[in-house]
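Okay, structure first, notes after.
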Amino acid sequence: PFARSLLRFLGFIFCGTAAALVFTGLFVILMYKNYRYLFQESFLSLAGWLAVAAVFTLLPTGFLAISVSSKSSRYQQGALMYLLLILLCLELSLGVLARLYPIRMASELNSTMGHLVYQYNRTHSQDPGSRALDLLQRNLQCCGVQNYTDWLKATAAPWHLPAEKACVPKSCCKEKYSHCGGDLGHLEQLFQEGCLKKLEDWLHFVMLYMFWCCVVLSVLELFAGISIGIILKHQPSRDFQIL
């Protein structure tokens with residue numbers, strides 16, 4: 001009875017965790033889609049899709065755990081064991097990726113963002129790299145890589161005219177200043193904090209959240225496996241071919 005009660009409780013936990021994990025996975029996929037020119041490799045997208053795959057495995061696992069806790073179907077118990085094994089593999093892969101990716105992320109983002117700042121094209125707003133940088137600065141309310149002074153180093157870049165004084169893109173302007181043109185003489189109208197640290201903080205938080213979700217779920221799955229083992233032990237030993 002204790003094993004069945006524990007399995008039922010874990011089934012509800014799995015279903016609830018799936019709802020929490022799916023938002024994180026979709027957020028990561030959307031972030032990669034919006035800022036894919038900032039990431040040289042697709043590890044961020046892979047983490048998002050692994051989280052979504054784990055969600056689609058978690059839901060039937062939770063429902064089966066609730067069903068097995070009240071019925072004695074050997075086939076359902078075997079299917080649940082297989083799903084737990086698949087889920088454990090997915091979460092171990094996601095946990096390792098979420099732990100290792102932020103380590104190599106900092107230098108990659110620094111070099112890529114610095115290149116995009118220098119190659120920024122104000123006259124061609126549809127340029128993918130420039131559009132991604134504008135979107136990043138607008139969404140995170142930041143300017144430049146380390147801070148707004150990074151745009152001073154880009155005064156020789158193609159998007160500055162020879163007779164034009166140094167300025168920043170309009171995406172660095174605060175929303176309440178509708179007439180802001182990016183003039184560095186009016187710093188109160190501009191976001192002054194750099195984008196690199198803000199983006200890194202976001203990614204570290206999301207990846208750390210994913211990592212601990214995987215750790216907690218892996219432990220709960222081990223308990224679920226033990227519960228199924230106890231139930232199988234107290235049932236007649238027949239029809240084990242499904243296992």
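These residue numbers are counts, starting from 1, taken along the chain as shown.
Each Cβ is built from the backbone N, Cα and C atoms, and glycine gets one as well.
Within the chain carrying the transmembrane segment (7-32), a Cβ under 8 angstroms from the stretch's Cβ atoms is held by residues 39, 42, 44-45, 47-52, 54-55, 58-59, 61-70, 202, 206, 209-210, 213, 216-217, 220, 223-224, 227-228, 231, all 6 or more beyond its ends. Among the features that TrEMBL reports, transmembrane segment is placed at 7-32 (among others).
Sequence annotations record features per position, and here TrEMBL assigns transmembrane segment to 44-68 (among others). Residues of the same chain lying 6 or more positions beyond the ends of the transmembrane segment (44-68) and with a Cβ under 8 Å from any Cβ of it are 7-8, 10-15, 17-18, 21-22, 24-29, 31-33, 36, 76-77, 79-80, 83-84, 86-87, 90-91, 93-94, 97-98, 101, 203, 207, 210, 217, 224, 228, 231.
According to TrEMBL, the feature transmembrane segment maps to 80-101 (among others).
CYS142 (disulfide bond) counts 22 other C-beta atoms within 10 Å of its own C-beta, drawing on all protein chains shown. Residues or ranges marked as disulfide bond in TrEMBL: CYS142-CYS173.
Per TrEMBL, transmembrane segment is recorded for 209-232 (among others). Among residues of the same chain six or more beyond the transmembrane segment (209-232), those with a C-beta under 8 A of the stretch's C-beta atoms are 3-4, 6-7, 10, 13-14, 17, 20-21, 24, 28, 47, 51, 54, 58, 65, 68, 72, 77, 80-81, 84, 87-88, 91-92, 94-95, 98-99.
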Chain residues in Cβ proximity to the transmembrane segment (80-101) (below 8 Å; excluding those fewer than six residues from its ends, i.e. six or more beyond): 43-44, 46-47, 50-51, 53-54, 57-58, 60-61, 64-65, 68, 207-208, 210-211, 214-215, 217-218, 221, 224-225, 228, 243
